[in-house]
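In what follows, a structure is listed as structure tokens, so that the remarks can point back to it.
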There are 2 protein chains.
Amino acid sequence: MQRILAAETPKNIGKKVLLAGWVYNRRDHGKLVFVDLRDRSGLVQVVGSKELGELGSEDVVEISGSVQKRPKEMVNPKIPTGGVEVRISEIKVLSKSSQPLPIHIDEIEEKASLDKRMDWRWIDLRRPANRLIFEVWTAMEHAFRQYWIDNNYIEIHSPKLMGAASEAGSELFEVNYFDRKAYLAQSPQFYKQMAMAAGFERVFEVGPVFRANPSFTSRHDTEFTGYDAEISFIESHQDVMEELQKGIAYALAAVKEKFGSEIEKTYGRKLVVPKVPFPQVTMKQAKDILVKAGVKSERKGDLSPEEERELSDYILEKEGHEFVFVTEYPIEVRPFYHMRRGDEPTLTKSFDLLWNGLEITTGAQREHRYDVLVSQAKEKGLKLPPIQFYLDFFKYGCPPHGGFGLGPSRMLMKVLGVENVREVTYLYRGVNRLTP
Amino acid sequence: MQRILAAETPKNIGKKVLLAGWVYNRRDHGKLVFVDLRDRSGLVQVVGSKELGELGSEDVVEISGSVQKRPKEMVNPKIPTGGVEVRISEIKVLSKSSQPLPIHIDEIEEKASLDKRMDWRWIDLRRPANRLIFEVWTAMEHAFRQYWIDNNYIEIHSPKLMGAASEAGSELFEVNYFDRKAYLAQSPQFYKQMAMAAGFERVFEVGPVFRANPSFTSRHDTEFTGYDAEISFIESHQDVMEELQKGIAYALAAVKEKFGSEIEKTYGRKLVVPKVPFPQVTMKQAKDILVKAGVKSERKGDLSPEEERELSDYILEKEGHEFVFVTEYPIEVRPFYHMRRGDEPTLTKSFDLLWNGLEITTGAQREHRYDVLVSQAKEKGLKLPPIQFYLDFFKYGCPPHGGFGLGPSRMLMKVLGVENVREVTYLYRGVNRLTP
């Protein structure tokens, strides 16, 4: 017999079916035993007697039985399969769970600490609310890729092992590479720009990035997934921002269509598909707004997390939009490869994108003129030999181009209204966290 | 004016257009100058006079002009835009190329060595034949993902930084991780199995894998992209093979539809969409076939590259199929986590998939019973403490499951009929190659 999912039981009333999944919980009523069986589609109640006697929490079982309507007064309206139950005829235990479990899956039980849940992440992920995170991630990522592929981007997989430090020497992990050193890429920045020099014109990449960042905040990690895109023959960073906002609106529309109601039910977050174009302010305008709002400026030419939240609140109130671009960061806070304004060379043709107070993207037009790039690198105090391989990309004809890097885990935090990046990461990596 | 692509010029005869791209080559005929302009869509001839005088190979330019039909006798049938040319009215040089170029893009020129082409990979990638590789890769990968998503897989991004050696201590890159050591994942094996313990039931991952493999063959590299999938509630490795072959057939059908004729024109390879199910032989049958064919067996219970080629040739001749599964590898050549046959415990429930003589996939049903897994690990001489985090996945209820790892660069070699993995890798990484 072919296995069906718990969610398919209501379509199979009166039929004999095969189910498989985890024992979510059990209730003994005299001789009768009720078991809620959990699989990837949800829960269904199974009814039996002594054949269920030995079952414990989180045992994995295969059950055959007949699907029956439950008496009206017994219907559980909280779950989609609440109107049926499966009268068991046979059971096979596929895997016994040790008892007791180190953390409880049932939300009713006292919640374990985040750190303990990370220790037992595979049990933690069994919660339907956690499973939903990665279903949403899958849908969001697929939609982003669909947007890029529909718009003739090429997908690249650039190497994570580099022979020299990429953007800056700090926050870099060193690898023992045979008889020499290699470094883990902090971003695909240099290599997606290489694709522009190669004439690919439009590329995207989805992959891990590594930051030897010793901070412990709720939004930082040492390894995370990055989305990167780069496009050629642009006029300015505005062309990059246009592509970015279109991609985000496309992806969030897809997520909302597929999971909007489930997200609202589970996380209480009403997802809004943002209108295009997104509002934008220059850094100077942002600072003016913040001063008027009475927020103390901590960083010159850059925004603190508090300022980011305040600015987003202001824009949401004023323009009814959850997103806001901040443009024209001064050169001090931007890397050497960001292009500068011709008429105002202390400002870069760059942007950040904030969503409800969190920076989710950084982007810019890049400097593609070899001589200018070299002089900007020198000005930033970079040693040229380690980056000469990168500078060479601009020697043999390279079009004007720009791009962005976007953090999907930060997107997910905002999609679901979750505060900590650890919650939306499959397996979090931090200074003190390399397991499981 | 909105830029159009070279390939769009035939639809714009008589119109003024804006083009942008690279100077592929130039021909001077007295006062007239002919330039072949290359962009991501192909080539188009541009005609002018002294305004083109300064242009050199691989300069990047923006050109406006009017599209005209070429006289019949001048039509170049070799390129799709051979029937038109663009009479230039304005030109803007966006980026000058240094001269001479270190390698030539024009295929007519003497081919540079593979190693030199790798040194200047971004120029090498400008060849339309090379660009095609990554367009095909993009289409293939998107089709694989579409198959998985249509079949309710969740996409995961598992960490590449691990606290302990994964499958075996050898071929492992060590990372300096703050005040301790980390290791680069040789595959997402342990973490995709974790998703099975987490009840995800079906997952896939696309990401980099790292092998400190000191070999210099044409099919090995130290970093490459891997496709990984894992599914739960299987009966045996046959369920995994069924999913794999369906995915491959789906992906190759998509590639053939989009790029079949271009692949044949450029690479002379007629892509065949394989029929499902693929043929299969056990390792024992494979060895019998090879003995009869007079091929000397070099490795007991495993196939040498020569044996793989011979076996594929035999199956192609006998069954007309480019693919063949080899099943039931003996335990000696398989890792500890491969499940063994209950009736014949010296054999694993595992398989390799060969495509035209090259191994492109390894897969198996995994051992999900904690006690059996521990005893198999001990038998293989593994120390338990470093893998205890993995063994724990099987303590609290884990369904029977299995999966595979597939090498897209090896797939691409066979899609295009290319012999060296370096040709189909965006930026190859080997023992002596960490740049560009």
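Cβ atoms here come from the backbone N, Cα and C positions, even for glycine.
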B:G407, B:P408, B:S409, B:R410 bind ATP according to TrEMBL; which of B:E328, B:E332, B:E344, B:E359 goes with them? B:E359
Which one is closest to B:R410 (ATP binding site) in space, judged by CA to CA distance, out of the binding-site residues B:R211, B:T362, B:R366? B:T362
Quick check on the region 'Aspartate' (B:189-192): DSSP residue counts for helix, strand, coil, in that order please. 4 helix, 0 strand, 0 coil
Rounded Cα-Cα span from B:R366 (L-aspartate binding site) to B:P408 (ATP binding site), Å: 23
Name the residues of the same chain, 6+ apart in sequence, whose Cβ is under 8 Å from the Cβ of B:S409 (ATP binding site)? B:D221, B:F224, B:T225, B:V421, B:V424, B:T425
On a simple 10 Å Cβ count over all chains shown, which one of the binding-site residues B:R211, B:R366, B:R410 is most densely packed? B:R366
Not counting B:E359, B:G407, B:P408, B:S409, B:R410, residues with a CB within 8 A of the CB centroid of the ATP site are B:R219, B:F224, B:L358, B:I360, B:L406, B:M411, B:L412, B:M413, B:V421
Return one of helix, strand or coil for B:G407 (ATP binding site), based on DSSP. coil
